[in-house]
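Trainee: Have a look at this one before I ask anything.
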Amino acid sequence: MGSGAGLRGWAERRPVLFPLLLLSLLCPALSEPIRYTIPEEMPEGSVVGNLAKDLGLSVRELPTRKLRVASEKPYFTVSAERGELLVSSRLDREQMCGKKPVCALEFEVVAENPLNFYHVSVEIEDVNDHTPKFPQSSFELQISESTKPEARFILGSAQDADIGTNSLQNYQLSPSDHFLLVNKEKLDGSKYPELVLKMPLDREEQKSYHLTLTALDCGHPPLSSTAQIQVLVTDANDNPPVFSQEVYRVSLLENVFPGTTVIRVMATDQDEGVNAEITFSFTEAGQITQFDLNSTTGEIITRHMLDFEEVKEYSIVLEARDGGGMIAQCTVEIEVLDVNDNIPEVLFQSLPDLIMEDTRLGTYIALLKIRDKDSGDNGEVTCKLEGDVPFKLLTSSRNTYKLVTDQVLDREQIPEYNVTITATDKGKPPLSSSTTITVHIGDVNDNAPVFQQSAYLVHVPENNPPGASIAQVSASDPDLGPNGQVSYSIVASDLEPQALSSYVSVNPQSGVVFAQRAFDHEQLRAFQLTLQARDQGSPALSANVSLRVLVTDRNDNPPRVLYPALGPDGSALFDTVPRAAQPGYLVTKVVAVDADSGHNAWLSYHVLQASEPGLFSLGLRTGEVRTARALGERDAVRQRLLVAVRDGGQPPLSATATLLLVFADSPQEVLPDLSDRLTPSDPQAELQFYLVVALALISVLFLLAVILAVALRLRRSSSHTTWSCFEPGLCTKTGPVVPPNYSQGTLPYSYNLCVAQAGKTEFNFLKCKEQLSSGQDILCGDSSGALFPLCNSNESTSHQQAPPNTDWRFSQAQRPGTSGSQNGDETGTWPNNQFDTEMLQAMILASASEAADGSSTLGGGAGTMGLSARYGPQFTLQHVPDYRQNVYIPGSNATLTNAAGKRDGKAPAGGNGNKKKSGKKEKK
């Protein structure tokens, strides 16, 4: 039956729905509802109609659109599979609508994605499912025998909950000779029966009559019910009571208090005595619950509060009975007037839990319905939003509103809104109610992380421990959840990409930047990083910031002395000072550098130790060494200064330099002290030394052979000039003779050196005619620079030597020390004091010792160079001068000193330096 009714309803609304379907394509919600007509009492699950099809939705859209019914009472539901509107609960038209001629259930259907609302009206047709019922199964009616024909008696009416043709339509009376039935109709359309007396009654003939009253409807099939009427014939009472009005009408406000008088009915009886005493009563007293009746006065009063929204009018039948049993009836129509006693209600049909902050303007947020039980102006309601909220209300249909967005939402500014909707009716006085809902705003990743600073600058002291924290960057993201979770990374730097990870790293969660190594200010003073903060949203947003790291200096580098520098063998250098130097004379300058910067590299110079305090002054910042006073007679010729170079760091670091200063007028006066310990040479240097010694020995053997040949030829010569050099007591013709004083010396033998005046050097060994006295050596020289050990007679011991010739000079190549290492000018004289002579003696001894360390010999035992046989076993190589100083090897361009350069006519390497080495003499 439900399906047939549904089809019939579809047929009835087909002409109306076609244009509505076209309109639904253009409008988000239909202004006119979709109408269905179905009979009541359809079983649950019956199909009302294909709602999805009527809305123009395909079956494929149903899962996403999520059609559902928004109604206070769940009479209907929507099939999720086919989109059909189904009956979900019992539909009893009489219970839902009562006696209303049209019973329509109106509700909204909500479709999501996008959100739309559709109005649906389902009209419930009446079914003849209720039988007319009498309030009592039997009635008793007393009629006086004197009652005249055509007298009318109102009988109890039956009640039928159905409407229309299914409601009570007719009354029938069982056949009777004395009575007939007349159907009467009230103002509200309801019917009631009246019993009419056809002929007079005679109590003596028949005291009572039994009649059957049947109530019928016109349904399909028709339903009926019966009641038994017993008519008792009483003794004559000629005049029945008479009401002043056949129908009483009164209007009553619904808010009257209980006990309020509604109306007072009036009835009279022309009889006298007991037959004139009238009592009033309700004919259907069991159904009258809202009113009370005074049986004596006929006053009707309210028993309970009335409610217009429940019952709008009352129809009451009153009966007046006199003492003789005659009765009269009247009808009281009570109209209940509406009073504005119901506050409007705001009912939300659809409200999402969360609204995203990127929702577009005009998006439907919620569907709400206004309900006011009052009628007329009391039931007309207007709605408005309270406060400043980014929403507005749109009227959808009668008493239905849509809440839509009116402004841009921003969760970071306002995460939720308390939306207050006030509904006010038009009654007097108006009533209103407010409903507040909380609209939560959902987060969207619309905010990029923001660093607390536009740029970061950190200072990191050098020599920091690896793994130490050097900085921390912090970025905030006002979004929520993953959209606000920030991770940090290094995206760029001015370091090499391969080396970046070995310098710094960043903690992705905290933003702490760690140093992966110890920084060195001298190697890396600053570098710049580009850090990125990225959230976890989709798509992810990020921000960059620059971090500049300045590596600050620490005092971790001591000063380094550049001058005076040590020689290749680690020995210190000499500086010469003229004997006649005046105060303020610039002797030398200590040059030092510091790899640090700032105060850590601000150097100062201090004298820690001096041989003669006060003789020299040192510039605090310049490092210049100047004479503070003139050299005194008692001042030592050799001075030693220990200079400390300090930086300005905290704590300060320092380095020391030793200055060896010698007062001398010429470089020849300065001879390095060879008595210091020699630094061990490397294997390559030792190999070169052995080669040089071997060449020297070969050269010596060759020279000995040449000298022997020359000596033999000279013996045959009678020229005195040639041999005058070898005469006792005489060395050269005016050659400079330096009588060394060996009174404190260490050599047990003395040697005489003779240099011929000829252009070609000749070598001769002289036999010692007698023992020389201590310290008697003769130095003879010319440009050749050859040395000869000579033995002289005792006469030469007492010979008064001439002062040295000032024109005689050692060339640069002939000076003791490292060959070519000194660039001083050649204006000095040969040393003529005991100190310098002893220095020369020590140099010769050291050279002889070097030769003695070799494996080659000159024909004698190991380390004797063949001299033991000539001078005795106690004479070893330590007493032999170093012949390597000025040995020329014939047939070879190799020399052991720079004397060869001068022999070949080359000028010695000159210079302005005046430094002398105090260590081991350089070997070439």
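Think of each number as a place in line: the chain as shown, counted from 1.
Every residue gets a Cβ built from N, Cα and C, even glycine.
Dumping what TrEMBL says about this protein:
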| type | residues | note |
| --- | --- | --- |
| COMPBIAS | 914-924 | compositional bias 'Basic residues' |
| DOMAIN | 30-134 | domain 'Cadherin' |
| DOMAIN | 135-243 | domain 'Cadherin' |
| DOMAIN | 244-346 | domain 'Cadherin' |
| DOMAIN | 355-451 | domain 'Cadherin' |
| DOMAIN | 452-561 | domain 'Cadherin' |
| DOMAIN | 576-674 | domain 'Cadherin' |
| REGION | 795-833 | region 'Disordered' |
| REGION | 894-924 | region 'Disordered' |
| SIGNAL | 1-31 | signal peptide |
| TRANSMEM | 689-712 | transmembrane segment |
Trainee: Looking only at the domain 'Cadherin' (452-561), what is the model's average confidence as pLDDT?
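Mentor: 93, rounded to a whole number.
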Trainee: Going by DSSP, how much of the domain 'Cadherin' (135-243) is helix, how much is strand and how much is coil, in residues?
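Mentor: Across the domain 'Cadherin' (135-243), DSSP assigns the residues as follows: 3 helix, 54 strand, 52 coil.
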Trainee: Any contact between the domain 'Cadherin' (244-346) and the domain 'Cadherin' (355-451), i.e. 3 or more CB pairs below 8 Å with pairs at least 6 residues apart?
Mentor: yes
Trainee: Work out, from DSSP, the number of helix, strand and coil residues along the domain 'Cadherin' (452-561).
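Mentor: The domain 'Cadherin' (452-561) comes out at 11 helix, 51 strand, 48 coil.
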Trainee: Please list the DSSP helix, strand and coil residue counts for the domain 'Cadherin' (30-134).
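Mentor: Its residues divide into 16 helix, 39 strand, 50 coil.
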Trainee: Going by DSSP assignments with H, G and I as helix and E and B as strand, what are the residue counts for the domain 'Cadherin' (576-674)?
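Mentor: Taking the domain 'Cadherin' (576-674) as a whole: 7 helix, 42 strand, 50 coil.
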